[in-house]
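**Student:** Before I ask anything, let me first share the structure, which is written out below as structure tokens.
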Amino acid sequence: MTPPCLNCSIFPGALSPNASRSPLVCNISEFKWPYQPEDLNLTDEALRLKYLGPQQMKQFVPICVTYLLIFVVGTLGNGLTCTVILRNKTMRTPTNFYLFSLAVSDMLVLLVGLPLELYEMQQNYPFQLGASACYFRILLLETVCLASVLNVTALSVERYVAVVRPLQAKSVMTRAHVRRMVGAIWVLATLFSLPNTSLHGLSQLTVPCRGPVPDSAICSLVGPMDFYKLVVLTTALLFFCLPMVTISVLYLLIGLRLRRERMLLQVEVKGRKTAATQETSHRRIQLQDRGRRQVTKMLFALVVVFGICWAPFHADRIMWSLVYGHSTEGLHLAYQCVHIASGIFFYLGSAANPVLYSLMSTRFRETFLQALGLGTQCCHRRQPYHGSHNHIRLTTGSTLCDVGHRNSRDEPLAVNEDPGCQQETDPS
């Protein structure tokens, strides 16, 4: 039997940082992939460069500028969303509770995740914040990422119920129910983030027959790769593929429902006798068509943005788990491109959510301006119209808005001047 490495523990402290180490006292069989016997002749700096890469990412400057722009836009957008909902009681509707939870998760992604990633790009190693910070970082980022996806999915379900099943929405979509749902979202997100968190920790470059390389600690995967593959594949299935299919189907059903209501309204108008009644109805159809087109475009944008922003994130993790240990120069270059794109789109999603869900709403924007003293009351309401409106059309129109008003039991449904400003039923 070949003798083991002789007193390897003396090597790290016995030599200067730039000195080489002799392989004469070491058993060559001790070396396993990716380490090689010639590593004993390399300096610590050369070892770090070989196995950990440059200390600063080559594309750091352009990525830093891009991230800072996303950071400014995202923090302002999510901050405005939280401010409007917290400072205005009329905005504390069931729908807006989901928007508030989504804004909080996106804010945490931008305020915690983005600066830490920039820090690691600027200094890939060593990770100087300690093991506790490593665990906390993974747990927090994984939790807020999963919570963001669950919030988007829950909001899609809420909109489907409000539009397609309006009678059920009055009894189900209450403030108490939504609070329980939001709490369940964060609990589930935390629980599902634990497996990935448990697989990470501080990892230090350790060369056989030589020991740990100084200043090489990184916050990375330390658990079994097979288990990590299972975790990332399961996460991609449950928190990307399934939500993507869900919101796509729900928004398709919403669009079909709006189209069906338009056809029913046209049939109703044709059956009316007087020219004045038909003219009034045609104007109402035009207003509702404009509102429906706006809603349809927004729903399509939501699905596209969700797919574009989250697909690279999961592709990045799956690709890394598959190419680890089998990386060629071409695969490494491809992975670097995917990794950069995934980071940009990941944080871009957190910045785009408040624009898509909140700031695109006329009433939401004007309510914020009103809170700052820069705007007037939005959505001036006419007197309730007591004509022969279709019940489904009235209820659907009343649930497409993303802001609220006084309890709907105290105020009859009204026809609004602005089709993008329909009221929202707010049973509590």
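The count begins at 1 with the first shown residue.
Any Cβ shown, glycine's included, is placed from N, Cα and C.
According to Swiss-Prot, the feature disulfide bond maps to CYS134-CYS219, an assignment based on sequence analysis. Here Swiss-Prot flags ASN27, ASN41 as N-linked glycosylation site, drawing on sequence analysis. Feature annotation from Swiss-Prot assigns topological domain 'Extracellular' to 1-59, 118-137, 203-235, 316-339; the stated evidence is sequence analysis. What Swiss-Prot lists as topological domain 'Cytoplasmic' is 81-96, 159-181, 257-294, 361-428, and the listing cites sequence analysis. If you look up Swiss-Prot, you'll see 60-80, 97-117, 138-158, 182-202, 236-256, 295-315, 340-360 marked as transmembrane segment, on the strength of sequence analysis.
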**Student:** Most CB pairs under 8 Å with the transmembrane segment (182-202): which of 60-80, 97-117, 138-158, 236-256, 340-360?
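**Tutor:** Checked against 60-80, 97-117, 138-158, 236-256, 340-360; highest Cβ contact count belongs to 138-158.
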**Student:** How long is the line from the C-alpha of CYS219 (disulfide bond) to the C-alpha of ASN41 (N-linked glycosylation site), rounded to the nearest angstrom?
**Tutor:** 27
**Student:** Write down the Cα-Cα distance for CYS134 (disulfide bond) and ASN41 (N-linked glycosylation site), rounded and given in Å.
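**Tutor:** ASN41 (N-linked glycosylation site) to CYS134 (disulfide bond), Cα-Cα distance: 32 Å.
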**Student:** Give me the count of other Cβ atoms within 10 A of the Cβ belonging to CYS219 (disulfide bond).
**Tutor:** 22
**Student:** For the transmembrane segment (295-315), give me same-chain residues lying six or more residues beyond its boundaries with a C-beta closer than 8 angstroms to one of its C-beta atoms, as numbers and ranges.
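**Tutor:** Same-chain contacts beyond the flanks: 145, 149, 152, 156, 232, 235-236, 240, 243-244, 247-248, 251, 254-255, 258, 338, 341-342, 345-346, 348-349, 352, 356-357, 360, 400.
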**Student:** With Cβ-Cβ distances below 8 Å as the criterion, list the same-chain residues six or more beyond the ends of the topological domain 'Extracellular' (118-137) that contact it, or say none.
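**Tutor:** Sequence-remote neighbours of the topological domain 'Extracellular' (118-137) are 48, 52-57, 60, 63-64, 67, 112, 197, 200-202, 215-219.
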**Student:** Give me the non-local Cβ neighbours of CYS134 (disulfide bond): same chain, 6+ apart in sequence, Cβ-Cβ under 8 Å, ordered along the sequence.
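**Tutor:** Looking at Cβ-Cβ distances below 8 Å from CYS134 (disulfide bond), excluding near sequence neighbours, one finds PHE127, HIS200, GLY201, LEU202, CYS219.
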**Student:** Give me the count of other Cβ atoms within 10 A of the Cβ belonging to ASN41 (N-linked glycosylation site).
**Tutor:** 11
